[in-house]
Amino acid sequence: AFCFFTLSIVGYFVISLIHRNNYRKSKSCPDLESGEEKKPTIRTPNVSTLEMLLHCFCKLGLIMTYFYLCDRANLFMKENKFYTHSSFFIPIVYILVLGVFYTENTKETKVLNREQTDEWKGWMQLVILIYHISGASTFLPVYMHIRVLVAAYLFQTGYGHFSYFWIKGDFGVYRVCQVLFRLNFLVVVLCIVMDRPYQFYYFVPLVTVWFMIIYATLAMWPQIVQKKANGNCLWHFGLLLKLICLLACIYFLSYSQGAFEKVFSFWPLSKCFELNGNVYEWWFRWKLDRYVCTTYRPLRCTLKSDICIFQTYSIWASSCKNKAECNELHPSVSVVQILAFILIRNIPGYVRSVYSSFFAWFGKISLELFICQYHIWLAADTKGILVLIPGYPMFNVIVSTFIFVCVAHEISQITNDLAQIVVPKDNSTLLKRLLCIAGFFSGLLFFSAMQEQSRH
């Protein structure tokens, strides 16, 4: 990885210098006879695809160097987490005040529009970050509420992808590759640079697998989309049968650990889903939120009853004796919580017509924030807190948070730029790229197998 990024940086600067030199030569020279300088034609240097690609890898290489120095070299200290109620709830109050302060009118008022979902992702992600840095997982009621937030994120994933396929009817390879690239690019790079298994960043495998499940369910024959279903009501029944079959499979795999392990223990799938030599952790993560991605149906309820649902859940979470007992009931309970929140957020007309631009901004980079926290905000693979400025804990958090957010935003931009280059719309070119990517991962699997043999 170091050699690759070094070559990218050198290559970018060489090509950039050549292009700039050619651009200077193409500018008009002063007219010596008239003693006046001709006005140059306004031109911008043409940026080639190769230069854009190298520019992205150049920035990414510098960012990955920072990742490595923070969490693999012994350059910076790490400190332990100590949970207190004030360390969790006071920052929550701060961000809620900021979120309410920065409100704007929405462009559309339909339920779960883009601005509303970005806002939802944003405040959830900020709460999860505060939860991680404060070590609040030791406090069971907070742990259970955070579990609902993770389930809500997965619900949005399922809802968004289902809506796209249902409305657009686009089941092409280009769409699938775009989504898979945007979800997995950063994690694949970190797996190589930080020497961690894919399952270590468990949330990305979750959203990736659920995307593929939704895609396979809707893409398989018969393909049922909104345009077709509006012409004949029987198609709605066909879609319902598909979802029932999917729920039956989910139910079977969630209660049959042996069958689940057989599915995901085949090589090379096992290389993606094993952690510490087995797929138990993946099975546990997968079954925790197994129903939320397939939940999309209207629920008639009143605003007052929705608020009662939230209060009831909080009381139940506070009365749980241990995490195992709570996790057993969580898959069924979290669905009701999420649907209740959607109604509370959309029933009042004024609330539906505004959104928090503060939360929405963070929502657009929520995936990058979730992944980057592992190494450059937290440390020791999330077990501690990164110390850039020893002796000043508050100032250290402010500085490390600022850098962390800037890096996440930059990686989001890099991923979007690379997605346009690496995943072209032309099918023949896309097929060639897929073959190259398949060859790359085959090489990784080969070297991984050799490494395991040498260890044994």
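Using the three backbone atoms N, Cα and C, a Cβ is placed for every residue, glycine included.
Here the structure is a predicted model, which means the values were calculated and not measured.
For 4-293, 306-434, the entry in TrEMBL reads domain 'Cas1p 10 TM acyl transferase'. If you look up TrEMBL, you'll see 52-70, 82-102, 122-143, 150-167, 173-193, 200-222, 234-253, 358-379, 385-409, 430-450 marked as transmembrane segment.
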Quiz item: Is the transmembrane segment (150-167) close to the transmembrane segment (200-222), in the sense of at least 3 CB pairs under 8 angstroms with a sequence gap of 6 or more?
Solution: yes
Quiz item: Per the 3+ Cβ pairs under 8 Å rule, pairs at least 6 apart in sequence, do the transmembrane segment (358-379) and the transmembrane segment (122-143) touch?
Solution: yes
Quiz item: DSSP says what for the domain 'Cas1p 10 TM acyl transferase' (306-434): how many helix, strand, coil residues?
Solution: 99 helix, 9 strand, 21 coil
Quiz prompt | Beyond the flanks of the transmembrane segment (82-102) by at least 6 residues, Cβ under 8 Å | solution = 122-123, 126-127, 130-131, 134-136, 138-139, 142, 356-359
Quiz item: Cβ under 8 Å to the transmembrane segment (430-450), counting only same-chain residues 6 or more beyond its ends: which ones?
Solution: 173-174, 177, 192, 268, 271, 422-424
